[in-house]
Amino acid sequence: MVRTRADLRAAVAAERKKGNQIGFVPTMGALHDGHISLVNKAGEKCETVVASIFVNPTQFAPGEDLERYPRDEEGDVARLSEAGCSIVYCPSVDEMYPEGSLTNVRVEEMSDLLDGIYRPHFFYGVATVVARLFIHVQPDVAVFGEKDFQQLQIIRRMVRDLGFSIEIVGGATWRDRDGLAQSSRNAYLSEEERSRANAIFGALHRAACRIRIGVPVETAVREARGHILAAGFSRLDYVSAVDPASLQDLADGPLAAGQACRLLAAAWMGSTRLIDNLGV
Ligand code: PAF
């Protein structure tokens, strides 16, 4: 495990000297099987896998769960090494944001939709830290989970706009047997909340099936909102059917032949905010 940019650079240089390509999986720790599947995916593409563990303060607003975000660095490092990571980068806040840092990355428009409406700071913090991590690690490939679909698309756009020579790969959402998407924040759910939390996936799955058989997009989305609230979610931030590339809402009506559609949702189970998404 390395903590400084200098040690990281030396470790990556040693791997490159062997002729290895570098695959990168950024994480905030509290790892679950979904993270390990991203490490495996990076390992399929590159000889050397680097993972980072950094709970990024700039993507949390005051009052969010930065302080209580689950942390288990020792366990995570062991899990990553077992999964085949050659280098685990655990930088400090000072290493990522040197004293007096003034530079941020903003992917306009795409960061202000969907989750960006409810967490206006969030994607600016994500883009900033991911750009900094890319500069530190200098990977050939970086893997991000499709569970955070908006994040994945924003990072693709940032890479395109800033000309990073990095291939961005999406890893399939890892789900529990009942369909609930794995997330570090699932640890906040009580047993009773957990038993109802998969309704967000059920509602999206049903809406995707309905859209596939020609039901107008807005009707299917309205039904999904009803199902999520009926399952006992205390608040619904959004259910939307969007164009996957631009993240813009689709026009109402049945989906045209060959038209791409992604359903995204965010809802609160008690005090835990869950997000999920599904391709149609
Ligand atoms: O998805 C996450 O865990 C985080 O948003 C990321 C990409 C590691 C940036 O802090």
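Just so you know, glycine gets a Cβ as well, placed from its N, Cα and C.
So that you can see what the record holds, here are the features copied from TrEMBL:
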- His35: active site, proton donor (ACT_SITE)
- 28-35, 145-148, 182-185: ATP binding site (BINDING)
- Gln59, Gln151: (R)-pantoate binding site (BINDING)
- Gln59: beta-alanine binding site (BINDING)
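Features recorded in TrEMBL, as mapped to the structure shown.
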residue	record	DSSP class
Met28	ATP binding site	coil
Gly34	ATP binding site	helix
Gln59	(R)-pantoate binding site	helix
Gly145	ATP binding site	strand
Gln151	(R)-pantoate binding site	helix
Ser184	ATP binding site	helix
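Within the set of recorded positions His35, Gln59, Gln151, the entry lying nearest in space to Ser184 (ATP binding site) is His35 (CA atoms). Residues from the binding-site residues list (His32, Gly34, Gly145, Lys147, Gln182, Ser184) with a C-beta closer than 6 Å to any atom of ligand 1: none. Ranked by how many other Cβ atoms sit within 10 Å of their Cβ, the binding-site residues Gly34, Gly145 place Gly34 at the bottom.
Proximity to Gln151 ((R)-pantoate binding site), judged by a C-alpha distance within 10 Å, picks out Gly145 from the recorded positions Met28, His32, His35, Gly145, Gln182. Neighbour counts were taken as the number of other C-beta atoms within 10 angstroms of each residue's C-beta; across the recorded positions His32, His35, Lys147, the minimum falls on His32.
Under 8 Å, Cβ to Cβ, and six or more positions away along its own chain, Ala30 (ATP binding site) finds Tyr69, Pro70, Arg71, Asp72, Asp76, Ser184, Ala187. Looking at Gln59 ((R)-pantoate binding site) and Gln182 (ATP binding site), their Cα atoms lie 20 Å from each other. Within the same chain, the residues at least 6 positions away from Gln182 (ATP binding site) whose Cβ sits under 8 Å from its Cβ are His32, Asp33, Gly34, Lys147, Thr173, Trp174, Arg175, Asp176, listed in sequence order. Here the CA atom of His35 (active site, proton donor) lies 10 Å from the CA atom of Met28 (ATP binding site). Summarising the environment of Ser184 (ATP binding site), the number of other Cβ atoms within 10 Å of its Cβ, over all protein chains shown, is 18.
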